[in-house]
Each structure stands twice: as C-alpha cells, then as structure tokens.
There are 2 protein chains.
Amino acid sequence: MARSLPTVTPGETVTLQGWVHRRRELAKVTFLVLRDRTGLAQVVLPAGTPVPPEETTVEVTGVATANAQAPGGIEVTEATVTALTEDAETPPFELWRPELGVSLPTMLDHAPIAWRHPAQKVRWELAAASMRAFRRTLDAMDFTEIQTPKFVESATESGANVFKVDYFGRPAYLAQSPQFFKQQMVGVFERVYEVGPVFRAEPHDTVRHLAEYVSLDVELGFIEDHRDVLAVLREVLAGMVGELGPLAERAGADLPLVPDEIPVVHFGRALEIVGAPADEPDLAPEHERALGVWAREEHGSDFLAVEGYPMAKRPFYTHPQPSDPRWSNSFDLLFRGLELVTGGQRLHRLSDHEAALRARGEDPADYTAYLQAFRHGMPPHGGFAIGLERWVARLVEAPNIREVTLFPRDLTRLAP
Amino acid sequence: MARSLPTVTPGETVTLQGWVHRRRELAKVTFLVLRDRTGLAQVVLPAGTPVPPEETTVEVTGVATANAQAPGGIEVTEATVTALTEDAETPPFELWRPELGVSLPTMLDHAPIAWRHPAQKVRWELAAASMRAFRRTLDAMDFTEIQTPKFVESATESGANVFKVDYFGRPAYLAQSPQFFKQQMVGVFERVYEVGPVFRAEPHDTVRHLAEYVSLDVELGFIEDHRDVLAVLREVLAGMVGELGPLAERAGADLPLVPDEIPVVHFGRALEIVGAPADEPDLAPEHERALGVWAREEHGSDFLAVEGYPMAKRPFYTHPQPSDPRWSNSFDLLFRGLELVTGGQRLHRLSDHEAALRARGEDPADYTAYLQAFRHGMPPHGGFAIGLERWVARLVEAPNIREVTLFPRDLTRLAP
C-alpha cells in the first residue's frame, strides 16, 4: 500500500502513489506534481517524458531529494512514472490552482472532485478531527457511545418538519434528533453521546440549514442543573479546539480560545444588553451578533452562553428555572455571535412530564415509549447538541454550510 | 456530578448517586444496593430506615468500607439516603436478579429498562468499545472519518429492499450502505471509514436481520488487490479484540484469537472442503459452519476468509479475479462459521464500470453521480463493512441480533 509523503527521507529511493496534481512541460524538463493523502511532491522528469493528464492515478519511483522550492519540500528525481488507470478526463475545474474559484453550484455538482482540492479537503479534515476530539474528551469523562434508531413511530417529538417513510406499508418518520433515546439511555449509562445523522424537512432554503446533518449529541445524569451541562460542553469545546491546531493553520481558520469558564448571561439581561424590549420571546440574529461583540469586549471570550430562555419557546421536556418558571434551565451557546449549541436541563419526574404535555394540549399516552424510562426512575439530567457542519462553517468562516458538507442534501439537492 | 464507584477509597466519606438496585429489610439492618454507571455498592442502614423502591434515583452519603462480601467490594456505612425523584414504579422485571430471565418480546418492549440490567448493559459496552477500537486502529493507519448522506436519489445501488421517503414532494431513498460515497471519497482521502446507520427494507423476520443497523465501513485506495483489504481488516479485528478483554470477561464472552494472517481459501476450494457441487453459486449456512470447523482444525483460527466468490453473485462494481473472471477479487470473512464481513476489490476504471453495468442490462447514465469520480481518476481500491450488532451477537453468542441492539427496528417493531 502507498507510503505517505511525510515518511520519505531525502536520499532514499521511494515509490509514491497518488494523483497527477499538475504536469508542466518545459523545454528542458518536465514537472509532475504528485498529490497523495498527505500533500504534494514534485517529480522531475527529462523533457518529453510522457505524463498522464491531471487527476490520473500514477505510481512514481525515484530518488527523494529535499528541495525547499518544491511543493511539500520534497522533489523526486531520476523518476519513472506508471499510470495505474486509463487517462483521467479533464476535471470540471483546475484543481492545481491555489483557489478552486468556482461557483457554489458548480462545486456541489462535482462534490467528489471539488473535495480533492487541498484547500477544500482540509475543511473536512477539521470535521474529522473535531469528531475524534469530541469522542476522546467524553470517553475520558466516562461517557458511553450509543447508536439509536433513525426510524421512529410518531412525528410527535417536535411536530413539524419530519420526513415520512413507507415502513413496510405503514408510516414511519425519520428522527429529527436522538433526544428521546439519549435521555432514555441516561437511565442505563448515566452519560452518553452519539454522533450521527439527523433529518429535518426544512422547507427553507438558507445558508445555514440542511435536510440532513451530523449531530454531536451529549446527555448526562445526576446534574445539579444546566450549569453542569455547560461545564461538560466547555470541556468538549476545549478538547476539540486543542486537536485542531495544525489543521486550522492549513485551513486559514482562526481558532477560538476556550475560557476556563464560559461567560453566562441570563436571557432577560441579554435583552437589556442589546436594547431589546423585555417581553421579546427570542433573540434575533442581530441580537446574537451584538451579544458576540459584548462577550468579546466584556469577557474577552469568543463564546457566550445565554441561559434562561423563555419556557414558551422551548420543547415540553425542558426543565423550568426553579426560581421563576417563566424561564427555563436551558441555554444557547453563541460562538462569535452565532448560535452554535442548544442545551439545558430536562424534566426528570414522570409527573412533571405529564403536566407539561397536558399544558401544551398533548396527550401523555402519545409519548408512552418515551415516558417509560421516567416511570421507572430517572436522575436529574441534561445535555446538548452541536451541529458538526455548522461548527466547521464557523471555524473557516464559510458563508454557506454546504461548503463544508461532503454531500449536502436540501430542498432541491439529492445528488451527487 | 456523580462520583463513580472505582474512585472510592475505603475510609473516606463519600457521596454516591445512582439507582436503588435492590432494597432488603431485615430485622436488624436494612440493605440498599446502589447501582451507578460503573457497578454496585452495598449501603448499610439501621433497621427501619425508609428506602425508596427499586429503580428510584437516590443520593447516598456515608463512610466507604471495604467488604469483600458486598457486591462491588465496597460497603457504605453510617449512611443517609436522599431520593432525587418521586418513587419509581415497580419495573416490569426484577433487575436485581442475576439473570433478566424474561422473553425476548418482553425485553424489547421495555428496552430502556431492560438495558439497565448489568448483564445486558455490558453487551452494549462491548459495542461501544468495538467502535472506539475500530476508529483508533484506522486513525493510526492514516484513515479519515467521513459522514455521508443517508438520503439518496435513486434505488439503483442494489435494487431491492430500499425504503422510500417523501422528500419535499418527490421520492428519495434511504442508503442501504455508504458504498458509493465511500468509494468516491477514496478519490479525496485515499483511506476512509464511516460508522453509521444503514437501512434495509428486509421483508424477512429472521434472528439476524434488522431494518436498520450500524455499519462499520472501510475503503482504501492504492491496493494491489483484495488481499490488502483483508490485511487491513485483520488489523481492525485485532484492534477490536485487544480492546475488549475486561468487558468480555464480565459479559462471559469468549474472545477469539486473531491470527497474524487470517487463513484464506478460494471459493472453489471451499466447495470441495464441504463436499458441495463445484457449480454451487453460494455457500449455504451449513457450508459456512463446516468451514468454521475446518478453519479451527486446520489453522487453529476462529476466522476464515473465503475469496473468489462467483462474479454472478456479487455487485456490479466488484473487481473480477484477473486470472479467471468468473471469480471475483472479493471475500467473505467467516467468524466461527458465520459470515461476519463482506469485502473486496472494486472496479476502478470508468470503462470497466460501464461495461459491467451494460453486461447486467443497466444504463451507465443511471449512475452518473457515482461514475463522476471514476471519470476523473480513481486508484485501485477496495474495502469492507462489519455489522456492529452482528459482531457483538457473535461475541456473546446471542441467538437473536435484537438482544444486542439498543432499540431494534424490524418488520413489526418501530417502538420503543
């Protein structure tokens, strides 16, 4: 199997495998830039040596030579080149240029080719490293990874925007989140996480919504309140940021500092800060941006947690704020003035769940499967969810979430 | 947040949180067995102390004392008990008994409660540890984790048994595997893996099929042939088995030894070994069992790879055996005589793909999205997929795969 470039030592005879990133035929010499999973290497060939067209996969054997001028710092001389396949067709864009420089639809139509561009590829590497650090941080805190079903029996969990499936002749729905399942599994493992797809039949065509995205879900039991949840979120973010250093540099991403304690403001106070009326039920995007600036100035932090969101705007299972049940023990985490994470404490008593459902005009009998765990003993608990693509989009400041999604799915796009 | 039992030192005053696993009121003393995420601890209370019913969540404060007689080896004396919620209702089965001892339907109907039983819980811990080791092994080999869409445009990939979704008013399908996507991503990252749900509209109600399961998918480029794929599979299995030691003991699972090289027999030879006719197109379950015995006797191995399956029984993208194109460069891995993994080399030339599709009466134009990557240069590549639940079922010798699936989905079951 192919050696990777970083393992090559100058002076040795090496065999490398990869793609023809670029070929340049000059009068006295032919250059081939080889691209493999780790980077680029320049191959020097006698003038007139036939080189397959760009993107053809090849094997190159020659002598490795250090050359600071060469891309990747390695040059291969006295080389022979063997094509591994038939000649590649000309790609829809020139992958060897420093910038891809094509429109978003062109990029998405040719996603499996566009992701080959080094500046695009590193963005997904940020996503992969984030998942790895997310899991490692939680593993170290005694969390158990779970995998919960995407087929659900009813559309009750949040009501709207669910996808309907023909399930052996009867209707089923695709889970909008693992929320109910992760809570039930707190009853087994106390601390759980899941990384997996969630499905939202979002009828809006916006730069930050997808019909399917990857959710990094966490839930834990035996908490005091939502502040314990926020403390775990802080550890997770610190773990993720700590993993991304070298990749962020390559991706041109400006990594945030994660403060030892994430600053928190109450929703009511947040409205005052941004000068919004005290009866405003939610924060508008311009409010979030203003709070981002405020957090930076007052706390020197890229992150700000807004706690106490009005109960009326939160799902039925949200735990109210004990001192004033108009507010909730839930929070949104703003990252540079944009909402990144929603989390909070959930109800843990069966009687509270039943009352909350009835207050919203719902029948607890429709939630029998979910409520079973509460019938037989659940601890105070809470959790949060991070949208993977949204996280990466914010890191690299991608204006559209589709730019950091391998194969985006939305109102109009189902392929490639 | 809750301390875990293993961090408790005899002599110290501790506060523990968990579930009332069992209460026993004797004439002179009351025992409470506390269960947390890590195990059990016995709490000794004066006779007549009120203890909430089983499964209620409680907080216990007292003095930790070593006691080899106590479950978990720790006893808490001079204790006070505080309930964290209202009293739990009596569970549908007694979780404190050594065996759950109920029928499979009862267990599945009450899955979130049944999983609390220590003997059941450790089975999922085997699954979680397997996923962790799978990823760690591959990360160390330069693989990149990917997340690919579950919504697909057409049902072409394998034709039958796909779930249909109402996708904003038009039909879409749920991916039966990430096969096409992982191959395309070999064109970007060379070596990729994905852990995620796959969806099979299996009309059969068997002990080994589910409508949704977790697939551990791997694909890598620049291989010689399927033997390179098998070598990676061997590393992955060794990594997984290496992680499971202490859990396997608790689960009563007999871990296999993973040989340095997994023995391989050709399909034609396998038919001879089991005494089947030479024109048999597939291995029947009794053949697989016989081969399992043979592998044990001849090679001292729990694993056996059968390579060269007839092309006619493999998907169109399978790479034929160069020396005889009736056979394929693919394999099944048998684990103790049961199929666990399917893998192999795939076609990498556009022209081969087009010819293979036409030979099966299919129109390459229906595969435009998939074939795009091959149009623009792909290396020789291959991969495999392990079914997570099937792997765990084999380890613990669960007769039905549903016993090791958190919330199984099948022909009839959509809840809890």
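Residue numbers in this text run from 1 along the chain shown.
Yeah, the Cβs are placed from backbone N, Cα and C, and that goes for glycine too.
Curation does not apply to TrEMBL; its annotations are automatic.
Keep in mind that this is a model prediction, so the values were computed, not measured.
Within 10 Å of the Cβ of B:P71 (site 'Important for tRNA non-discrimination') there are 18 other Cβ atoms, across all protein chains. According to TrEMBL, the feature site 'Important for tRNA non-discrimination' maps to B:P71.
Residues annotated as domain 'Aminoacyl-transfer RNA synthetases class-II family profile' in TrEMBL: B:132-416.
Residues or ranges marked as L-aspartate binding site in TrEMBL: B:E157, B:R200, B:T342, B:R346. DSSP gives B:T342 (L-aspartate binding site) a strand state.
Per TrEMBL, region 'Aspartate' is recorded for B:179-182. Per-class residue totals from DSSP over the region 'Aspartate' (B:179-182), listed helix then strand then coil: 4 helix, 0 strand, 0 coil.
Per TrEMBL, the feature ATP binding site maps to B:R200, B:A201, B:E202, B:R208, B:H209, B:L210, B:E339, B:G387, B:L388, B:E389, B:R390. According to its DSSP assignment, B:H209 (ATP binding site) is coil.
Proximity to chain A, taken as a Cβ less than 8 Å from one of its Cβ atoms, holds for B:L388 among the recorded positions B:P71, B:H209, B:E339, B:L388. If you average pLDDT over the region 'Aspartate' (B:179-182) in this model, you get 97. In this structure, the C-alpha atom of B:R390 (ATP binding site) lies 32 angstrom from that of B:P71 (site 'Important for tRNA non-discrimination'). Non-local neighbourhood of B:R200 (L-aspartate binding site): B:N161, B:Q176, B:H209, B:L210, B:A211, B:E212, B:Y213, each in the same chain, at least six residues away, with C-beta under 8 Å from its C-beta. The number of other CB atoms found within 10 A of the CB of B:H209 (ATP binding site), across every protein chain shown, is 18. When the binding-site residues B:R346, B:R390 are compared by the number of other C-beta atoms lying within 10 angstroms of their own C-beta, B:R390 comes out lowest.
Take the Cα of B:P71 (site 'Important for tRNA non-discrimination') and measure to each of the binding-site residues B:E202, B:E339, B:T342, B:R346, B:L388: the nearest one is B:L388. B:E202 (ATP binding site) has a Cβ environment of 18 other Cβ atoms inside 10 Å. Of all the binding-site residues given, namely B:E339, B:L388, the one with the smallest number of surrounding CB atoms inside 10 A is B:E339. B:L388 (ATP binding site) is 13 Å away from B:T342 (L-aspartate binding site) when you measure Cα to Cα.
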